[in-house]
Amino acid sequence: MAREFSLEKTRNIGIMAHVDAGKTTTTERILYYTGKIHKIGETHEGASQMDWMEQEQERGITITSAATTAQWNNHRVNIIDTPGHVDFTIEVQRSLRVLDGAVTVLDSQSGVEPQTETVWRQATEYGVPRIVFANKMDKIGADFLYSVSTLHERLQANAHPIQLPIGSEDEFRGIIDLIKMKAEIYTNDLGTDILEEDIPAEYLEQAEEYREKLVEAVAETDEELMMKYLEGEEITNDELKAAIRKATINVEFFPVLCGSAFKNKGVQLMLDAVIDYLPSPLDIPAIKGVNPDTDAEEERHASDEEPFAALAFKIMTDPFVGRLTFFRVYSGVLNSGSYVLNTSKGKRERIGRILQMHANSRQEIETVYAGDIAAAVGLKDTTTGDSLTDEKAKIILESIHVPEPVIQLMVEPKSKADQDKMGIALSKLAEEDPTFRVETNVETGETVISGMGELHLDVLVDRMRREFKVEANVGAPQVSYRETFRASTQARGFFKRQSGGKGQFGDVWIEFTPNEEGKGFEFENAIVGGVVPREFIPAVEKGLVESMANGVLAGYPIVDVKAKLYDGSYHDVDSSETAFKVAASLALKEAAKSAQPTILEPMMLVTITAPEDNLGDVMGHVTARRGRVDGMEARGNTQIVRAYVPLAEMFGYATVLRSATQGRGTFMMVFDHYEDVPKSVQDEIIKKNGGNA
């Protein structure tokens, strides 16, 4: 079957925003106007097409990034709707990794909000070009130019309007196109009847001012255009559009549009902008990877002629077809029924069926091409971030960074029947979500689940009940602490056992030094002259890794430490891998005496929004919770406080804030970094855990 849409006519986009900015409604309207659905589903009625999980429809928020494909102006647009809630950050990260462009949706009353900053930062890390859609122009307090100013102030983004609204709140009735210098007036409720006319006289001066600002800003990114502009020559609409496209794709410029998805205004123009300004797979740099056989860096271009290479970015369990693996094809062609190599795991996988997804309905297709996003049935060993490639042209693509979980809960099944089902349910949920971890406490036999926040674990426990019919008791949330060393030290680990039969002998000298935050554990072999034989070196590293899983102070994992094995000795007969593993763990215990071990706790970036009258209360809350204020901002009669607060102090804060502000205060928090706990708190944690120190 030949390719339906050329690569030039393909767009892979994500829709990203702060929770409640109207992102899912915007996606719904896109599906409506592109002919994918015939009736519009409203999020607040729990009928949205993209939010297809029961919990999503009940809570009115998007949890998983549903993928769908639509058509507009003879182009194929693959859309991923991502969650705006911080607990589901991995969903945003994995979609950004496989997208070519994104639409950032703002609530035009609030402008840039905390989660907008988080997803914007992530999109910048991945180099994703963006256009901005200032939504909810019909809402009381909507202010388009204020929203644009927040893009400059909070994100330092080179963002400029390519449209202006005609009216706002109840009076919002159309849009001025600053490129064509025409007005688009909406004459019916469904937004399908649009009149193009001259700009109303009362808006003309403002339109000319912003057109001038737009031309100047775009000219700064394009030398040729700059010369024309400075010489006072006429810049044609086509030249302006081409320059905006180029600057947007280079992530140097962000076009800002406006509208109201709920009132069906501005969505078609936003779709036009997706086609006009966001990149096709051909416009983005070739994907880089490593050949697992040669360790050489290789790249794959967006071409059907190159060998097949794809990245699995999401696993989902579908009630009808079972395990679905969502993947983005970077190069080559894949047919259903064929075999691929999972180079990340070194496993051969058979592609049973290939499905094109539309939220939770599906259409079976025979072939996928470079630039496509699809789902496959039949992959057994593939997980998020794995590379799938042609067996004869291996490449491992850069994987997806998975943040460490910061909160944990104990779960126990209510009955023996639930016990067996719970194991299956938890492993399936962990397959789908890499930030969700399941561990069994060896000493107590308890099952501990960890995740990115209370809502995250709440939703997963809820899914366990609904989808897998498992009833479970859930404990109170606990913080995932870590341990580290703050001083450098050298330590010997000596293990010798002679008691009849074969003896054991292992002897190592290891230098431990603190590592940079977030770097994890790094091992260096500095043995010279074979004082520790090469075959035992991996055993030393393994012994350290295993011992570090259970820290020296309170049993929390040790992180961010470098270990350099520099000396030791061995016995011709009695030395073994086991002996060197034990010796390494003894060296770690010895080092702990002088390496200033300390406990680390997760620090959250908390953004509290409260009425001005309650500012004193909020500042008191932060101080009482061992927090430190990072910044404040007044917005009308509301104050926004940003602070770093330990996660351990934030449990139950929603209730405290609600009662202090009569229900008018809200807060959001996102994990930021780990920090040393104060000595008094450390002593408490050690005591509570029957400390190892």
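Numbers here mean position along the shown chain, with the first residue as 1.
Glycine is no exception: its Cβ is also placed from the backbone N, Cα and C atoms.
Copied from Swiss-Prot, the annotated features are:
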- 8-282: domain 'tr-type G' (DOMAIN)
- 17-24, 81-85, 135-138: GTP binding site (BINDING)
- Note on the structure: Excluding its own, the Cβ atoms lying within 10 Å of the Cβ of M137 (GTP binding site) add up to 29
- Task: Looking only at the domain 'tr-type G' (8-282), report the model's average pLDDT.
- Result: 82
- Per DSSP, to which secondary structure element type does A17 (GTP binding site) belong, with helix, strand and coil as the options? strand
- 10 Å Cβ neighbour count around A17 (GTP binding site)? 29
- Note on the structure: Reading the DSSP string in three states, the entry for M137 (GTP binding site) is coil
